[in-house]
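Novice: Sharing the features that TrEMBL gives for it:
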REGION    19-54  region 'Disordered'
COMPBIAS  44-54  compositional bias 'Basic and acidic residues'
DOMAIN    75-208  domain 'CGL160/ATPI'
Amino acid sequence: MSLDSMEIDLTEKLITPSKPMLDAEVGESKASVNASQKWRPAPTRREQEKWDRAAKAATGGSEVLLRETRRSQEDPNILAARSEEQYLKLKDKLQFLTLGIGGVGIVSAYVSYSPEIAASYGAGLLGSLMYLRMLGNSVDSLRTDGPKALIKGAVGQPRLLVPVVLVMIYNRWNGILSAEYGLMHLELIPMLVGFFTYKIATFAQAIEEAVAIVGKKTET
């Protein structure tokens with residue numbers, strides 16, 4: 001009823017709160033803060049591990065962003081030359097690694113099994129080296145021709161015919177040369193194992209790069 005009356009001025013009472021009310025509000029806020037600080041539970045081991053992983057992921061993402069920004073500030077020609085050099089080294093390393101693993105496989109097959117198994121593995125190894133060579137040529141053509149080479153590679157990929165050629169050689173060799181001329185008999189399974197030697201070399205290369213990356217992270 002006092003508020004409805006136009007004769008009474010209640011401006012000071014409505015704007016300025018009383019000091020006891022302010023003291024009570026400040027006391028309640030301090031009590032709530034002290035209670036929250038006092039009764040805050042400690043994180044469990046699982047929660048702590050989750051927080052640690054989240055912190056590592058956040059810092060790792062920031063490091064990647066900083067690294068990418070630094071790379072973007074470099075000269076594109078220098079980056080292209082560096083990438084090309086890394087690609088050529090990787091291609092040569094894969095070929096030499098495949099040849100080295102294949103040589104160990106041939107010697108092991110000759111010592112452990114028989115000359116026929118070793119010869120079959122060697123024939124598959126030749127197909128593996130040929131496959132890697134064709135794969136490198138297709139990647140090189142992508143660098144020079146661009147989208148045209150991509151369309152050509154999608155339409156016809158002769159490297160996919162290498163295992164088919166190996167199977168045909170196996171059939172013709174055993175059907176004609178081995179039966180009529182008395183040459184050694186080839187085995188299909190060692191030929192296929194020799195062909196997939198490049199997979200072992202690729203896996204070994206991936207493991208080496210992963211170990212190098214982990215070693216750099218531990219050093220930093």
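Just so you know, glycine gets a Cβ as well, placed from its N, Cα and C.
Tell me about the surroundings of these features in the structure.
Specialist: With helix defined as DSSP H, G or I and strand as E or B, the compositional bias 'Basic and acidic residues' (44-54) counts 10 helix, 0 strand, 1 coil.
Predicted-model confidence for the domain 'CGL160/ATPI' (75-208) is 85, expressed as mean pLDDT.
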